[in-house]
Amino acid sequence: NQVLEMFDHAYSNYMEHAYPADELMPLTCRGRVRGQEPSRGDVDDALGKFSLTLIDTLDTLVVLNKTKEFEEAVKKVIKDVNLDNDIVVSVFETNIRVLGGLLGGHSVAIMLKEKGEYMQWYNGELLHMAKELGYKLLPAFNTTSGLPYPRVNLKFGVRHPEARTGTETDTCTACAGTLILEFAALSRFTGASIFEEYARKALDFIWEKRQRSSNLVGVTINIHTGDWVRKDSGVGAGIDSYYEYLLKAYVLLGDDSFLERFNTHYDAIMRYISQPPLLLDVHIHKPMLNARTWMDALLAFFPGLQVLKGDIRPAIETHEMLYQVIKKHNFLPEAFTTDFRVHWAQHPLRPEFAESTYFLYKATGDPYYLEVGKTLIENLNKYARVPCGFAAMKDVRTGSHEDRMDSFFLAEMFKYLYLLFADKEDMIFDIEDYIFTTEAHLLPLWLSTANQTISKKNTTTEYTELDDSNFDWTCPNTQILFPNDPMFAQSIREPLKNVVDKSCPRGISRAEESLGSGPKPPLRARDFMASNPEHLEILKKMGVSLIHLKDGRVQLVQHAVQAASSLDAEDGLRFMQEMIELSSQQQKEQQLPPRAVQIVSHPFFGRVVLTAGPAQFGMDLSKHKAGTRGFVATIKPYNGCSEITNPEAVREKIALMQRGQCMFAEKARNVQRAGAIGGIVIDDNEGSSSDTAPLFQMAGDGKNTDDITIPMLFLFNKEGNIILDAIREYEAVEVLLSDKAKDRATIFKGKAIPNYIIDGNLEMENTDQKTSENDSHNQNPEEASLASQDVDAASEEPEEGEGSSVAAPDSLSPAHADGDSISVSRGDSDVPRSDEAGAPEPPACVQGDNQPQERQTDTQTESKANWDSKAQPMESILADWNEDIEAFEMMEKDEL
């Protein structure tokens, strides 16, 4: 009853204050009409002046037994909605919300008509509108790959001169892979096979382009070439519903190839991305390395998908972790870190967690999930309810609101909450006869046998050999998913009760073994730091010792008999196996070079060089050897996420801005519009430093970034403060952005050089360039602080009585270790990292389940810089020393 009352409050306010607008603005009690409100960027691509919220809500009305309101709503849609607007919309959002909404409405309309009481006048009008919309989306598929353009003009298509779209080159995997349910249903309902054919072709192309060794897919793909643009992989934003639709396409259409593909991907997800209870993004080419240390809220759908798959234990674990985050913040933040701090504070009333709660209750019958649902209802009423509806949370930490109520709130949230609490007699039809789309629209299962015009040629096995023994060929029976033990689900949840209040959850088997006070989770190879005493202590407990050999090699040796317990010995063995895999992977990978920010103004004169991370967009400094030189200026607002309010101070200068609040590419566009010639993003994590944190690339925003032409670099907090302190001290600070540090002769070429600057090393840069050509290992010869290691990983069975040893690869530690310890610079990350850069990443919590076996591999570690290839004349070295002495004397005079 509470859910019904809440729905009435939201729906009636939309109809009273917003209809026929697409969405309700609940704080100002009016409708959101595209073009009449300030642009919100990509979010507005869902709005097409087609009464979005009403169409999205149609089948919710029937689920909630509001058949009279449904009949009125259908008449309004037929009478008022125009699909022929000159407006550019998202193909993905229009498909799942509008096409899905029309098909869901048609599905329940014909069901009601068949029952004989309501909708007797209905003659397939919603289906006709769906078919019209389907044809309006088809021009987006006019690509060689079959992947659709991300946007289409409803009136003019894609290529038309007035379309104002069709120049994009990239799309997200979910955007291209979340079409099959709606398009196949449209084909089956109408007999027009073209829709299902186009959706299948897109899915086939993504499957073919998956990374073959890991069986993972990236976030963003080029729609023309099929190249992966963003190579990180997870189960959240950008990929989520691609996986969902592979499994559900098998359920709805009965095509075995979809299940084969899903199972192949699912195996990879559980192998690499799942770190119970966490789900962390990894690189598709090196899936043992995390691509980020935060999770986004969209992954909350995944436990529900795992229920559909029949894999209940990890579903319970991840759901419980998410629930603990909700109990801490009242809502699920858009993104949160592995230690459960808020990363992105917004919450647009997303329904994915309610969806997973419903599925888990259906699978387990555990009343615990009714309590979870009750908490969701109470939080919505207490924190999001406003007089004109429900408002999205702008910041879950402060409880501030945003003037926004997305259509999916009515389409999904109330549907799943009502179904969670409804008994069978509360429903006017059997919900089990339908499958939910990703927008929770209902498609009848009888479509599987209707109008089968598509050949069921199995294209999956063309690409891979599958071990069928691991795959389930039937949908799981919910009657046997659990033992007849009501405490079973609770026993899985119990170890995770306090997960949010601690830095990392305990390993489940260990927690059970020690009745709730178990040891810390096993150390993962990717998190290992040779300079961390705690890590060395964990190694010792696992029977692993670290040995520094005289010839420079660093060796890890395991003796299982020296482990503290059999469990620890298993963890040690798994650690060694992971180390071997990391060694072989990283031997093939090439480190991407960092960039340099060089302070060239008085009194630094090029002596202060700050290590900077590059960007995947803007000017490529490696192709512009002269770099970009200019004075720096701090922008307003400092985060650079909106129009710059002090353009006169930024024009023809290099803009300084703070990390956070928006995409890096958005910052770049804003400062470029203000007239900046370059940009430096400074990390907002206090104390972060390139000395202790891995470098990364600033990623684009998934759209075409060719419009960004200025160079953009990233500085950690410590390095950024050096520039900010210099501004406070000297006001006018000039820097050089370049691919590597320049010698002073190059910097001051053609300029007056202060008489105390004596450069005896005019050929330093040329020498460096030759060195980099000759030395294949040294990726960054001008930075002596970067270690260069030759990883030679091999494995063999040791003699009886011997332990197993493994050499540590060169990118296990996010820090440069002291002395001859293992050193690393993980500068090849494809996505913006959001970890606390000044501290090591919290360990992922997994259980070691490998069978005992012993392996050995060595790593030959070279010296920190290959000085043999950088021979310098003694006069040059002496001249440098003299320069340093004189410079420090000047600095002393300047009280630097």
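The chain as shown is numbered from 1 upward.
Glycine residues also receive a Cβ, built from the backbone N, Cα and C atoms like all the rest.
Listed in TrEMBL for this protein:
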type	residues	note
ACT_SITE	Glu93	active site, proton donor
ACT_SITE	Asp240	active site
ACT_SITE	Glu334	active site, proton donor
ACT_SITE	Glu352	active site
BINDING	Thr438	Ca(2+) binding site
COMPBIAS	767-776	compositional bias 'Basic and acidic residues'
COMPBIAS	777-788	compositional bias 'Polar residues'
COMPBIAS	793-802	compositional bias 'Acidic residues'
COMPBIAS	827-836	compositional bias 'Basic and acidic residues'
COMPBIAS	848-866	compositional bias 'Polar residues'
REGION	767-875	region 'Disordered'
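Recorded features from TrEMBL, shown on the structure.
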{"residue": "Glu93", "record": "active site, proton donor", "contacts (Cβ under 8 Å, 6+ apart)": "Asp45, Ala46"}
{"residue": "Asp240", "record": "active site", "contacts (Cβ under 8 Å, 6+ apart)": "Ala174, Leu298, Leu299, Phe301, Phe302, Thr438"}
{"residue": "Glu334", "record": "active site, proton donor", "contacts (Cβ under 8 Å, 6+ apart)": "Asp296, Ala297, His343, Trp344, Ala345, Gln346, His347, Pro348"}
{"residue": "Glu352", "record": "active site", "contacts (Cβ under 8 Å, 6+ apart)": "Ala297, Leu298, Leu299, Ala300, Phe301, Gly304"}
C-beta crowding around Thr438 (Ca(2+) binding site), within 10 angstroms:
25
